[in-house]
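A.B. asks: So TrEMBL has the following annotated:
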{"type": "ACT_SITE", "residues": "ASP271", "note": "active site, proton donor/acceptor"}
{"type": "BINDING", "residues": "GLU130, HIS193, HIS214", "note": "Zn(2+) binding site"}
{"type": "BINDING", "residues": "ALA141, ASN217, ALA218, ARG225, HIS248, LEU304, ALA305, GLY306", "note": "substrate binding site"}
{"type": "DOMAIN", "residues": "51-373", "note": "domain 'Amidohydrolase-related'"}
Amino acid sequence: MKALINGKILLKDGIWEDKGLLIDEKIRGICDKKDLYKENAEEIIDVKGCYISPGFIDIHIHGSGGSDTMDGTVEALKMISNTILVNGTTGFLPTTMTMDMPVIHKALEAVKKATTMEWSGAKILGVHMEGPFINKKFKGAQREDYIIKPNYEFIKDYVDIIKIITMAPEIEGSRAFIESVKKRSNAVLSIGHSNATYEEAMEAIEAGISHSTHLFNAMTPLQHRNPGVVGAVFNSNITCELIADKIHVHPELFKFILKVKGQDRLALITDAMRAGCMKEGMYELGGQPVLVKEGKAQLEDGSLAGSILTLNQAVKNFVEITKAPLYEVINLVSLNPARIIGIEGEKGSIEVGKDADIIVFDENIEMKMVFVEGCRRLGDK
Ligand SMILES: [Zn+2]
């Protein structure tokens, strides 16, 4: 067992100081410093006043470090996983794009294979399928020529790894698809890249949609006589994602979203593409050229094409803008995403019995140490 001492422990409802955190592959306990000697810890790790936090979980990320989920290889997934670990992400959903069916299947196969392998980076927790069942009108950076009608047959061999499916529920065949998914899998259905009216969105939520993909981006906006998908997200209990890079959504809306959706129904995501953690320049996303310049990733027509955000930066941005306490913002990148994909019993917060996905960071949310299921993956011994 290891004991992390001299840190500020970020719990889901507050911060504890002057305690020791005991971990092996699981979180074993929190004890007073004076009682540490009773606990037989083999290794005492002094974190020197830094924060001790649950690891971040990114439920929407395409790529990083020059690699993309759609490369369809285990090597690409490894690269993404090792790069995002450095910024505190200990678990993630590699996210597919709208492409030709065999290309998506190849990417899903690679994820399946990767989840059975020895792994040193952030853990793959499943897949987020973004498309191809979306609306051409709100395709964003997705390729229009590969958009198809929803079809359960298309995903049936992968329901064990698919955790989230982004879809436009106004598209023909959606109702039957939603029913099949609800009946035969645990995948979370998310409204996104959608041209639905407010009424269509509310009906879809009634039918089983429980999440929304990058709120405000690629969906019908909120207008006073036409509340759209955004209005439906605000007027229902579904959860939502936010790309908190201050580019995809105006930062002054962060407070508003938090106020309306509450602390339990919002997850910060990166939606990062392969240029994440890389130099600016020309890249590719979903088969299209992307220029990354001044912190923005854009297609030739100017559409935003994912981001180069990291989750620690998202936390920083969100704290700076909303002035919410740090432990509350940490829940938006740990507990909430874990809850959304149904793994809050194992991950997402510092609680006894959960996996020891623990990160140690300073006042600037820069990582000093990262532990995935108790193994130290970043930070010198
Ligand atoms: Zn995306």
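Our numbering is plain: 1 for the first residue shown, then up by one each step along the chain.
A Cβ is built for glycine as well, from the same backbone N, Cα and C atoms used for every other residue.
Just tell me what is around each of these and how deep it sits.
C.D. replies: There are 29 other CB atoms within 10 A of the CB of ASP271 (active site, proton donor/acceptor), with all protein chains counted.
DSSP assigns GLU130 (Zn(2+) binding site) to a strand segment in the three-state reduction. Neighbour count (other Cβ atoms within 10 Å of the Cβ, all protein chains): 30 for GLU130 (Zn(2+) binding site).
Around ASN217 (substrate binding site), taking its Cβ as the centre, 18 other Cβ atoms fall within 10 Å, counting all chains.
Taken together, the residues in the domain 'Amidohydrolase-related' (51-373) have a mean pLDDT of 97 on the 0 to 100 scale.
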A.B. asks: Given GLU130, HIS214, ASP271, LEU304 as the recorded positions, which ones have a Cβ positioned under 6 Å from some atom of ligand 1?
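C.D. replies: By the Cβ criterion, which requires under 6 Å to ligand 1, the hits are GLU130, ASP271.
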A.B. asks: Taking the residues ALA141, ASN217, ALA218, ARG225, HIS248, LEU304, ALA305, GLY306 listed for substrate, what is the greatest CA to CA distance in Å, to the nearest whole number?
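C.D. replies: Those residues reach a largest Cα separation of 30 Å.
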A.B. asks: Spatial neighbours of ASP271 (active site, proton donor/acceptor) among the binding-site residues HIS214, ASN217, GLY306, defined as Cα within 10 A: which are they?
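C.D. replies: Of HIS214, ASN217, GLY306, within range: HIS214, GLY306.
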A.B. asks: Quick one: pull the CA-CA distance for ARG225 (substrate binding site) versus HIS214 (Zn(2+) binding site), whole Å only.
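C.D. replies: Rounded to a whole number, the Cα-Cα distance is 23 Å.
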A.B. asks: Write out the long-range same-chain contacts of ALA141 (substrate binding site), meaning residues 6 or more apart in sequence whose Cβ is under 8 Å from its Cβ.
C.D. replies: LEU285, GLY286, GLN288, VAL290, LEU299, SER303, LEU304, ALA305, GLY306
A.B. asks: When you rank ASN217, ALA218, HIS248 by Cα distance to HIS193 (Zn(2+) binding site), which of the binding-site residues ends up on top as the closest?
C.D. replies: ALA218
A.B. asks: Write out, in the order they occur in the sequence, the residues of the chain not among GLU130, HIS193, HIS214 that have a C-beta within 8 Å of the mean position of the C-beta atoms of the recorded Zn(2+) site.
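C.D. replies: After dropping the recorded site residues, what remains is HIS60, GLY131, ILE134, GLY140, GLN142, THR166, SER190, GLY192, THR213, ASN217, ALA218, ASP271.
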